Each structure stands twice: as C-alpha cells, then as structure tokens.
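Lifted from TrEMBL, the feature list:
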BINDING   129-133, HIS192, ARG237, 288-292, 316-321  ATP binding site
DOMAIN    13-98  domain 'Phosphagen kinase N-terminal'
DOMAIN    126-363  domain 'Phosphagen kinase C-terminal'
REGION    1-26  region 'Disordered'
Amino acid sequence: SVPFHSTTSTSYSQRSGGGQQPHTSNKKSLTQKYFLWLQPCEIWCLLRKKTQYGSTLYDCVKSALENPDSSIGLYAPDPECYDVFRCLFWPVIMDYHKVDVRTLTFKHNFGNPDDLPDLSSQLNEMIVSTRARVGRTIAGFPMTAKLTVDQRLELEDRIKSALQDLDGDLAGEYKSLKDISENEQAQLREKHILFQESNDRHLESAGGYLNWPVGRGVYVSRDENFIVWVCEEDHIRIISLSNHANMREVYGRLTRAVETLNKRLDFVQHQRLGFLTFCPTNIGTALRASVHVCIPRLEKSGELNEFANKFNIQVRGTGGEHTEAKGSIYDLSNSVRLGKSEKDLIMEMWRGIEAILEREAKSQ
C-alpha cells in the first residue's frame, strides 16, 4: 500500500514521560505532496532501492509519516540518498529552495567579509546579537541516523583532532556531551552555546537522536564567540556569534574556521546540490546567518513577515523554529541556502536586515 494515502492523517510519537501524543494535520508536507505525484511503478522501484549504508525510502520519509504536521518531513540518512531517491528528493528541494536542480551547478565562494557594509549607530542599537553558521558532513560516514556507536566515536575523534588546528581567536576546548554536567549544560544553553536536548519529535522520528549522547560534543573558544557542535543534527556545525551588530567580524571568523578545518576534514559536496546535510533544507551553502533584533513596531503592525519575505528573510522566535518571539525580539535569517554563493547570500541577507531595521526606525 502507498504510505501517504490521505490529506488528513493522525500519527503518534513516543515522548519521554508523556505517553503517546497525537499529531493531526490537514496540510500535506512537501514529502507527502511529491510522493503522491510519483507513478506506482516509480514508487515500487524506489522501495526496492538501498544505498551502500542500507538506507531505504522508508528511512527518508519516516519523519513525515509519523509527523503529518511537518512542513518538509524528508531526511537523508546518508549522502547517497540525494541521488538514489532523487525522484522524491529533487522535487522537494526545488519546491523549498525555488531553484531548478536539473540545470544547477553549485559554486562555493565565501567572498571577502570586509565587503559587508556597516550599519548606522541607530540601527546597530536594535540588534541584540549576530550569528552565522554552516553545517557539514564528513566524507566516508553516513548521516547521524545511520551512524553506529563505533562510527560516532571515530567521527568525534577525527573532528576533535582537526579542531586542534584552530588557533588565535579560534582556539578553545572540546568537551563530549557525556562529560558535561547537567548544570553546566543548562548554563551553556542559556548562553545559546550548546545545542538543545533531544526533544524535537521530527528529528527523533528521522533517527537524529540515536545513541544519544554518544559521540556528541561542543567546542568553545576562549571568548565564547566561536563554537562547533559535533554530531548534534549534522556531523559538524561551525558557528560564529557576537553580542553586537558586526556581521563582518562574525562572518570573517566563520570563514577562517571553515577553511582551516577543511584542510583536515573532507566535506561532502555535490556538483549540483552543494554541501549535503541531514535535512535538505540546509543543503547548498548550508549557511544560516542570523540576527536577534528588537522590532516592537513592526511586530505590532503585523507586516513583519510580509516585509521580510521580500528580502528572503526567515522570521523565527529566538528559541528556534516553532517558537514565539519574546519581548518583541525576533530571529531573522536568510531563508535561501541553495542557488547562490555564500558571498551573494550573506550580502542579500544583510541588506534585508538593514531594510527591516530602517522600516522599524521610520515607524517611530
């Protein structure tokens, strides 16, 4: 039978301490939408396929099946899935990223961080913090959903070794999650340094929390303005952050770190799709640059989302996706990852932030 058979469906996922919770949705995820577009012969062909790591079509769509309220619902248990199951992955990617993958050639180009313009002092005052990160997958390993315990530990050791090459303002210390006390974990999360606990049901269904907390950890620089997450969702997430509005500094620190780590770590890169990650929403540049901004007037006007969409800016609460803003503080980031270079994306995003803040200032 066809896994997706109705536009209205209910599933149950096991939550820690909470029994089984129903999730009902009247809206198709992109996974369901494009699965239902496939011909029966295509479906049966895909169901018989496996990657070298044993990933199946079911592994890729499991999160969408268990969480019908998903907007995407598709995950890649290993890099091969993007081509082996391209009949499903590519349409989803083209819909989400608004690019034609069939004619796309990915070009990696960080550009020069010094080209980013400064904002006026008035606009700077509205910015609470600045952040930029990229996700990467290390060649020779499946994604987190298919990693064995031994592979997780080997991957962690390999990344720890590469992190030792970071020096200057990037120098810091790595700690495995299992060695960090609950109290210290709470403190690091309060400062937005450590990733959240394993409580995302969409990621849980996809296998993102298998063997938790084995093989996971965080690297923190001395000044706590550069961090690396190891095996949280992706193999590695490289993050630069600051409590001021200088995106030039934040982005520059990020690009230096990525280029240093790439000398020791072989990052998986697809000719069309760019850098591959566990979730297809992050592929391409895998770059997410964001600012936390205080914009009470735009919030009150109700035009924030519409105005942000003009600049390909995604609006979130400061707690991440599916959270609400606190005290009129929003997380604004680039919604586009694929189809443009890092240089073009960061410039477009920063100009969009400037336009949003100018709109807020003029509303006074």
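Any Cβ shown, glycine's included, is placed from N, Cα and C.
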Run through the domain 'Phosphagen kinase N-terminal' (13-98) and tell me, per DSSP, how many residues are helix, strand and coil.
-> 40 helix, 10 strand, 36 coil
Of ARG237, ARG316 (the binding-site residues), the residue whose Cβ has the fewest other Cβ atoms within 10 Å | ARG316
Counting every protein chain present, what is the number of Cβ atoms, excluding its own, within 10 Å of the Cβ of ALA132 (ATP binding site)?
-> 27
For SER290 (ATP binding site), the number of neighbouring Cβ atoms whose distance to its own Cβ is within 10 Å equals 24
For SER129 (ATP binding site), the same-chain residues 6+ apart in sequence with C-beta under 8 angstroms from its C-beta are HIS192, LEU241, SER242, ASN243, HIS244, VAL291, HIS292
